[in-house]
Amino acid sequence: MAAELVETMNMVKSFRVSDLQTLLASMGRSKSGLKQDLVGRALRLVQTEYSPELLKNVRQLYESRFPRTSGWLAARRPEGVPVAYSSLSSSPTATSQGTDYLNGVSKQITTTPAAEVKLVPLPFYQTLETLLQPTELIAQNNEKLQDSQCIFELTPNQADQIRNATELRPGIRSIQVVLRICYTDSIGVQEDQYPPNIAVKVNQSYCHVPGYYPSNKPGVEPRRPCRPVNITPWLHLSSITNRVTVTWGNFGKRYSVAVYLVRVFTAADLFSQLKLCSVESAERCRERIQDKLRYDPESEIATTGLRVSLICPLVKMRLGVPSRVLTCAHLQCFDAVFFLQMNEKKPTWTCPVCDKPAPFELLTIDGLLAEILKETSEDIEEIEYLTDGSWLPISDEEKRDRERERSNTPDYPVVDICIPEANGHSPAHSSTSLTGKSGSGSVAGGSGGPGAPGGGAVVDLTLDSSSEEEGGGAGGDSEDTEDSADSPAPKRGRYNYDKDLVTAY
């Protein structure tokens, strides 16, 4: 009786505020106050009015928070304490006898199953069996670094599958046991997401967790690829129990962990599936082109052709297997082989043309462009689709001609700023000379100046005003010449001009 009372009190200490309020309300007690007040009130209730009804309510609330079906265990569980195996394991489920508690929290089970969490399917991984359903990691204390353990056993059939699997490369088998981690969220499917400070230890040996991608852009932090963690090399391929310890950073976000038996595909395997199941016929591609080029009376711009490059935007080489995504609006293709190889090394699944999501399920091979690549020579790098679905090759010479047409600018007449009439202004508006004197003789290229009529003369700005008057004043009036002769000549020098500036219209 005393042991049962202590166990019940420890259960109450692990309750949240909502659990304490539910317990007190069911027993007719006040549920207002802070958590410490609610805990004290509930403990006094257990000590003074211990009854089967109260025990039933406490156990129901406790089991609703800590179900017994979880396969994740506390890292600090001492040896000899019964454990709860995964529901898919062949080992029996531990009973509640001998259950130990630490700070009011059960050490037998530390997490709750996140049955509603669904992980996104991965093209390079085919799930064969689920060894552990998505299960939430729950912190045991206020420390930032937490440890959680899982134990499971492989059946003889599963061990044989792994043992007899082919090798993709030395040490890497096509059948693997992988660990996947994601956010605990029941809305939609979840992508793999590692918690901070993650480390995975399998049977007392740390396994490799993908590191960070180096960033070539300044100011951009390196990004870590969150991929399934292969724990196969460290497992016991027998009836011996396997133990997995996950170390993770507790910084307020919730994470769930799952273990799967999967078949791993290569880029060549996915390419074979693509050729077998997802090829768009040439007739369907022509219909798509005609739909894009169909005349729209409400549009002010009529499109008569669409250009498509035969160079892959990923590797800047001629397309081998043209492919695109069904949901993309463009007709430009990229090479399927290079696209799959790049996503095998660094999975992004993003269209290289428009940067929109490009999942493998929506990838297709363009049958029309595949035929065009066979019919055209290597020197053809671009084609143009026409409104009827036909196409025309664009040679390098035609491309250069079109680029030249776009780059050429209209020819405009060259205007001599020394001739005011050529700029649409009368001499009265441009009669200021370099020496500050008025008159047509001081303006180079005037009507009476040397040279053909309307032609501009070259002005040497290094000469003084006296030499200009001698050479350029022949066509001026005599009065102007006399005035120029009477006025004192400025000092000879390269930069000693009057304050007045030449007006350029």
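Using the three backbone atoms N, Cα and C, a Cβ is placed for every residue, glycine included.
As given in TrEMBL:
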type     : residues : note
COMPBIAS : 396-408  : compositional bias 'Basic and acidic residues'
COMPBIAS : 438-457  : compositional bias 'Gly residues'
COMPBIAS : 466-485  : compositional bias 'Acidic residues'
COMPBIAS : 495-505  : compositional bias 'Basic and acidic residues'
DOMAIN   : 12-46    : domain 'SAP'
DOMAIN   : 109-265  : domain 'PINIT'
DOMAIN   : 297-382  : domain 'SP-RING-type'
REGION   : 396-505  : region 'Disordered'
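When the domain 'SAP' (12-46) is classified with DSSP, helix, strand and coil residues number 24 helix, 0 strand, 11 coil.
Mean per-residue pLDDT, taken over the domain 'SP-RING-type' (297-382), amounts to 91. Counted with DSSP, the domain 'SP-RING-type' (297-382) comes out as 22 helix, 20 strand, 44 coil.
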